[in-house]
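Trainee: Here's a structure for you.
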């Protein structure tokens, strides 16, 4: 287990280094950062001053190292819009984004997993078909289309819910439902197939043959084994949730990190874009690391494998 | 096609016989698949014949007929799907958008497959340090949501159609790389590969002529699975105003501009939204069907 943890930690570290390197390379490849950030018609003295201030007159490997140092001391430059610290600009948007993503994630798990398990246990019934139709629709319908259909029905036609802004908790309902549905559909599909696979295994037949009640078989044996692939998918889903937030926040004019990213990209506010990309990447790496650990804890095979490897 | 062993489809058969076999297979498809394949054929025809069937040039404005309703909402047949805020014909724009979106998705899928397969083969051929680098790159692309990565690149490099297609091409490359590497490693261990190698074939010939055909069916299935994802990505980015730029138009782009007129002219957004959803649905249905036939081991 310790060995397993060690390799995972190493991989996570390598991912972090690669993300930082990627941002560094993209930033340098996109042209002279001084000109990019100051604008093409900035006076040459100002550009030179910027170069010295940011160490752009140093050799490239010195710049690379100081880039690392700056990132880990939380200094990512200033937002071009208002000259404030880029990290602060991003951090103040985080609570708004969490207010959408956390309930959406709970909806994903709370609807997706039970729906998938139920569909698998009642295969080929009407409810199973319904769950599958919803799951496939959830995949094929991008979140911005679902979002706009919801706005069309609940804001424009019925007038029940606001379509944009952040004035009250009512504003959060449509974005949360949009993000919740897509993820729930995906999770239901995966849980169903994971469950079906487990239910077809011989140990399930053995468990029911030895006289265990069906609910005990499902709860004690099937669910625990189906949980293993499902946890992996949940790890991947976090990425989808972040990407979903980018789109959904833009549709509903919700002042979160996702909308900030889109606005900053259109304004080419590079310091803020860089801060957001790094923050998301670090969150994702951390989340995947946690999923890997959970995976190791859930799957007894993983532990016996490492034990066998040591013996 | 899949039921006929490839040897029977060899040199002796004429094109007509093959076409007949294909038609017979087509007739045997389940109803849902039949509908999906028909819809995709229709979309493909629309994309290819776009210039011939379009009722108006897609940028032509008609300021007297702004925001006129489509036929099913009480409009007339001059503009069957209505017009937008500048009086441009929605049907014509839809046709142009279908062509643009399909073209981008085709281009990006092929770029992704070529990059992924090449890197996968390189990893399988050299093993060791180079393989570790490729695997680290695979880990890296799995770590960041692609949409965020794409947004970052667009922010730094600005936007052009070529860059946009190449960028979308990077989507899912890691999947092909993983598949190509795994299959090439197991292929290398088999007799045919050793034989070709002993005969003096170069690695290029070995991978291109012998290993690639052997793993083609798995790759084609992954391509059909990645294709709808690229359509959805393209439409998402264009919807945010960061993908295809006006005067060009794409399906996501139309939905994005239609958003402004959601309450007064929902048809601007509904038509492309319908096409995006149905097309993605049909491709993934066909992809699932292909997967079950060609390679049931793939998840």
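Numbering starts at 1 and runs along the chain as displayed.
Placed from the backbone N, Cα and C atoms, the Cβ positions cover glycine too.
Because the structure is a prediction, the values reported are computed rather than measured.
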Trainee: Please find, within the list A:133-156, A:205-228, the residue stretch that TrEMBL describes as transmembrane segment.
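Mentor: Matching range for transmembrane segment: A:133-156.
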Trainee: May I ask you to indicate which of A:12-31, A:32-51 is given in TrEMBL as transmembrane segment?
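Mentor: Based on what TrEMBL states, transmembrane segment spans A:12-31.
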Trainee: Between the transmembrane segment (A:272-298) and the transmembrane segment (A:98-121), are there three or more CB pairs that fall under 8 A, provided the residues in each pair are separated by 6 or more in sequence?
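Mentor: Counting Cβ pairs under 8 Å, fewer than 3, so no.
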Trainee: Taking the transmembrane segment (A:272-298) as the first stretch and the transmembrane segment (A:168-188) as the second, find out whether 3 or more Cβ pairs fall under 8 Å, excluding pairs closer than 6 in sequence.
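Mentor: In this chain the transmembrane segment (A:272-298) does not contact the transmembrane segment (A:168-188) - fewer than 3 Cβ pairs sit under 8 Å.
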Trainee: Which residues of the same chain, at least 6 past either end of the transmembrane segment (A:133-156), have a Cβ under 8 Å from a Cβ in it?
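Mentor: The answer is 115, 162-163, 174-175, 177-179, 181-182, 184-186, 188-189, 192, 244, 247-248, 250-252.
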